[in-house]
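Enquirer: Have a look at the structure that comes next, please.
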Amino acid sequence: MKEAFVFLLCLTNKFPKKFNSCSKKKETLYVLGLVLLVSFIEAPVTKPNFGKFIECLRDRTTPENPITDVISIADNSTTFLSSYVSYTKNKRFSSPNFKKLLAIIAAKHVSHVQATVVCAKSNGIQLRIRSGGHDNEGFSYMSSVPFVILDMHNLRSIDVNLSRKNAWVQAGATLGELYVKINEASQTLAFPAGVCPTVGAGGHISGGGFGNLMRKFGITVDHVIDAQIIDVNGKLLNRAAMGEDLFWAIRGGGSSFGVILSWKINLVEVPKILTVFKVNKTLEQGGTDILYKWQLVANKLPDSLFITAWPRTVNGPKPGERTVAVVFYAQFLGPTDKLMEIMDQSFPELGLGREDCHEMSWLNTTLFWANYPAGTPKSILLDRPPTNSVSFKSKSDFVKKPIPKKGLEKLWKTMFKFNSSVSLQFNPYGGVMDRIPATATAFPHRKGNLFKVQYSTMWFDANATESSLAMMNELFEVAEPYVSSNPREAFFNFRDIDIGSNPSGETNVDEAKIYGSKYFLGNLKRLMDVKAKYDPDNFFKNEQSIPPVRVK
């Protein structure tokens, strides 16, 4: 980049005062060069040297914390494949790219993380950072240039401070582990995060993780009060050392700024007894009408009540027929009696009965939301399944005004065309989400949204991949008239390569602005500026990372 700039300066110095045809060619060359310089941000080119990378790792760690036993060299061995697949949660990406993936570093100590960052950078090797492996597009463990995976799953400690009602959680800990640890300390403390217990805390929190407590308490990043991060120079920084601009960026801006080691989070107070319910309404039972009414009330209900709607395709009432069942899941921070009062007054169309309601502790609600049957032991939240046999694709949208019934019917018609399992998830906004400024953290999707949509499809047969992805694009296109626009907003934690991406080894700023404006809205400029300050050579990058661009 520096050499290109010097070259451009040389051209300008050679321009004569009076332009002739030759000088005009030079002027054109200058302009083209300047455009390329501004449009592409690349790290200084260093030819990848894996041998020196390994040597560097050994030199930068101590005998007390040796790194050699956490290095898995990429080969076709059972050991390496197990290391790769164990935290590859999307079967679409379960086959490693042996031509580009050089090794997996499953760090067990902070020095392993520091050494991996410094040695990868100095030896021209790209770094991908993986905690739980739930990246929808595989960006945390896939690349088309020589790279290593820094796997954080061994760094999973959780320290709850009951008196201060906060906790330190390392990036490799799962949400299930965090929930159990909190419950061991107190039955009336909780953390507002997601429903999948195997998701890693590192990526979930850094992308602005949401969950069923969001209307009452907000999302994960609203409760982060400190963090530990390894920067591009291998330095360990906390909030005080990194500064407020970087601390702001990592709360919702993802992994473009460094490697998150741990988060310090505030815990929230919940009652001893919560109430949950699950009610199904098929199209034949008036599901479309009830869902339309849900759009009118879900974001206006008391903050303590969260009702999400999941339309999905199921077998119809007759053999060979298919229909849509809208599944309403809910959680109320209180007893059944109070919940029934609210529902009878605000949403009687659902026809909720007392027999549908179940009172339980907060920890047991996490089992309910993870679709475990009643009576499942809490210890299952600590499980880390070694493989995932399902391929999936997700997309997201934000809805500002109710989708008309005709629009919903168009969605159902398109869903029937899928050969694979397909569902939508409507998560309501309102409550405290309307009261937190869009600029409070890097996560911008706040006031003005009725609900967020997640589109999901899953399949087992690898031969169904192409058709499943094509159908998702068709469904997304059908939904376009009914969702946000200019830009069409997207949720960063639901990575979607279709909304814009860059090649693995370079970052086109114009392309980055396309996907970046959808994920981060007006916060993108500030994020690019922070990136330019802390990672000017763009070392921490992937197909949808934030480019380093100084913004005046």
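Easy rule for this one: first residue shown is 1, then count along the chain.
Just so you know, glycine gets a Cβ as well, placed from its N, Cα and C.
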Enquirer: C56 has a disulfide partner in Swiss-Prot; which of C10, C119, C196 is it?
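Expert: Answer per the record: C119.
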Enquirer: Just how many other Cβ atoms lie inside 10 Å of the Cβ on N419 (N-linked glycosylation site)?
Expert: 12
Enquirer: Fewest other C-beta atoms within 10 angstroms of its own C-beta: which of the disulfide-bonded residues C56, C119 fits that?
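Expert: Looking at the disulfide-bonded residues C56, C119, the Cβ with the fewest others within 10 Å is that of C56.
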Enquirer: Return only the integer: C-alpha distance in Å from C119 (disulfide bond) to N419 (N-linked glycosylation site).
Expert: 46
Enquirer: Highest CB neighbour count within 10 A among the glycosylation sites N76, N364?
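Expert: Counting every other Cβ within 10 Å of each candidate, the maximum falls on N364.
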Enquirer: Quick check for the class: what is the C-alpha distance, in angstrom and rounded, between N463 (N-linked glycosylation site) and N364 (N-linked glycosylation site)?
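Expert: About 38 Å separate the Cα atoms of these two residues.
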Enquirer: Could you check the glycosylation sites N161, N280, N463 and say which one's CB has the fewest neighbouring CB atoms inside 10 Å?
Expert: N463
Enquirer: Where the distance is taken from Cα to Cα, which of the recorded positions C56, N76, N280, N364, N419 turns out closest to N161 (N-linked glycosylation site)?
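Expert: Closest by Cα distance to N161 (N-linked glycosylation site) among the recorded positions C56, N76, N280, N364, N419: N364.
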Enquirer: For N364 (N-linked glycosylation site), which of the recorded positions C56, N280, N419 has the nearest Cα in space?
Expert: N280
